[in-house]
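Taken verbatim from Swiss-Prot:
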type     : residues                                                                       : note
BINDING  : Asp11, Ser61, Asp442, His443                                                   : Mn(2+) 2 binding site
ACT_SITE : Ser61                                                                          : active site, phosphoserine intermediate
BINDING  : His122, Arg152, Asp153, Arg184, Arg190, Arg259, Ser260, Asp261, Arg262, Lys333 : substrate binding site
BINDING  : Asp401, His405, His460                                                         : Mn(2+) 1 binding site
Amino acid sequence: MPRPLVLMILDGWGINPDPSNNAVAIGRTPAMDRLMAEYPSVEMETSGMAVGLPDGQMGNSEVGHLNIGAGRVVYQDLTRITKSIDDGDFFTNPVLLDCMARVKAAGGRLHLGGLLSDGGVHSHNTHLYALIELARRQGVKDVFVHAFLDGRDTPPSSGAGYLAELEAEIGRIGFGRVATVMGRYWAMDRDNRWERVERAYNTIVKGEGAHRPDSAAAIEASYSAGVTDEFVEPAVIAPNGSPLGLLADGDGFICFNFRSDRAREITRALTDPAFAGFDRSPWPRLASYVCLTEYDATFPLPVAYPPESLANILGQVVSRAGLRQLRIAETEKYAHVTFFFNGGVEEPFPGEERILIPSPKEVATYDQKPEMSAPLVTDALLKRIDEGVDDVVVVNFANADMVGHTGILDAAVRAIETVDECVGRVAATVLEKGGALIITADHGNAEMMVDETGGPHTAHTNERVPLILVDDSRKGARLRPGTLADIAPTMLGLLGIPQPPEMTGKSLLVATE
């Protein structure tokens, strides 16, 4: 058994045959080039049905880590919720119906807040439309939408189109109004930057921010100032000079994001009695607050689509075998190598340790520091490998994804080169210790930095990703192409641990010499 066996996830590092505007191709990557030439490698599918998403839907970090850790294709929340809308179950969901009943009993209004996007990473606009239709059917007095604009998982200036589509759907349904508009930068932080969340809160609750006559005027004003979707300043829709729909006592709120990590902070701010992130007076006492999926197991809030438990995932199987495992990443991807990798469970398994390296807070966006905390992650990992404590290690390097999201090619190239340097350092140490290294990615991003219009490409891609098996005892091994679900079975095979029946992925190892 190789010790340690290190799974290195290069977040956002995809394979694009077109080298133009491709940070992965442009960057100098001597370590990855050498390892690819010397060791068995293969291309992996990370999008669509291969990871439990709808056909053609790009993968993302949450989905990728869930599939890798589970060793099976995990039916994603997006697919699950969309299917329930199609078959009608959505409209009889007891948690959603209870929320609306409570709002009606309190004489309140219903607020729907979340990412207005069809990017499918954090939310889907069709889920919002279904909620508006459900509220109409249930006879709710008023529905107000708090639209967080995307620009990361969608083109950076696509928000105007999504708002126009929302207004058209509201017109078709004959119900609902847009109350506030803001970029996701404010409402969907995940790194305790409470000053951002405070701006979102103050807009939704207090009506602070620019007052605009309608949603189109709000986005047009932002574009005129050169500010694209992600960073749109919080604006209040006030057609007659006073805000249409501020959140107040007796109202209900449904957060329609299905991905948890960027929905937690705004949810805490709106619901937690002990919240101390900023002064939020007034704090509305709501009739109901519903999370579309489980954002945090400790939140005492109703969940419309609770998690489906996953048995015998990689971390659990490794733990039961009596092996020690380490999860290590910087803040931006720490939840992915822990919570998501463990099937949506926060608690570590016995024998599982975790190291969190803080992401840089001194910059507003990571194009200003493309190396992020990757060198510090590497230093901490090498120290740990030298100590010889762990049997299995999962490490994530966030750079290709987080800097790729900025749409700035030069910065993404520097990010790629930083990660390559870290790969080289880790590979040398692991091999020196007699260990093995699986290098892969959860989805693509930095390999496409310009979109078809010639503008910045800030979203994930549907491209395949590499997988390299760096193991001196298996240089002659043959690998087959696969999906992320096949990585855990491959690792168990290398560790000599039987694969449990719940893991339906297949080992990538075809034959060894």
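Glycine residues also receive a Cβ, built from the backbone N, Cα and C atoms like all the rest.
Note: the Cα of Arg262 (substrate binding site) and the Cα of His443 (Mn(2+) 2 binding site) are spaced 19 Å from each other. Mapped onto three states, the DSSP output places Asp401 (Mn(2+) 1 binding site) in helix. His443 (Mn(2+) 2 binding site) sits 7 Å from His460 (Mn(2+) 1 binding site), taking the C-alpha atoms as the reference points.
Take the mean position of the Cβ atoms of Asp11, Ser61, Asp442, His443, the recorded Mn(2+) 2 site; other residues of that chain with a Cβ within 8 Å of it are Ile9, Gly12, Thr46, Gly59, Asn60, Gly64, His65, Lys333, His336, Asp401, Ala441, Asn445, His460. In this structure, the CA atom of Asp153 (substrate binding site) is 6 Å away from the CA atom of His460 (Mn(2+) 1 binding site). Here the CA atom of Asp11 (Mn(2+) 2 binding site) lies 17 Å from the CA atom of His122 (substrate binding site). Those same-chain residues not listed among Asp401, His405, His460 yet with C-beta within 8 angstroms of the centroid of the Mn(2+) 1 site C-beta atoms are Asp11, Gly12, Asn60, Ser61, Arg152, Asp153, Ala400, Met402, Gly404, His443, Asn445, Ala446, Thr458, Ala459. Restricting the binding-site residues Arg190, Ser260, Asp401, His405 to those with a CA within 10 Å of the CA of Asp11 (Mn(2+) 2 binding site) leaves Asp401, listed by sequence position. Each of the binding-site residues Asp11, Asp153, Asp442 was ranked by the number of other C-beta atoms within 10 Å, and first place falls to Asp442. In sequence order, Gly12, Arg152, Tyr366, Asn445, Thr458, Ala459 are the residues near His405 (Mn(2+) 1 binding site), counting only same-chain partners six or more apart with C-beta under 8 A. Taking the C-alpha positions, the distance from Arg190 (substrate binding site) to Asp401 (Mn(2+) 1 binding site) comes to 16 Å.
Among the binding-site residues listed here, namely Ser61, Asp401, Asp442, His460, Ser61 has its C-alpha nearest to that of Ser260 (substrate binding site). Of all the binding-site residues listed here (Arg190, Arg262, His443), the one with the fewest other CB atoms within 10 A of its own CB is Arg190. The separation of Asp442 (Mn(2+) 2 binding site) from His460 (Mn(2+) 1 binding site), Cα to Cα, is 10 Å.
Asp401 (Mn(2+) 1 binding site) sits 9 Å from Ser61 (Mn(2+) 2 binding site), taking the CA atoms of both as reference points.
Using a 10 Å radius centred on the Cβ of Ser260 (substrate binding site) and all shown protein chains, the other Cβ atoms total 25.
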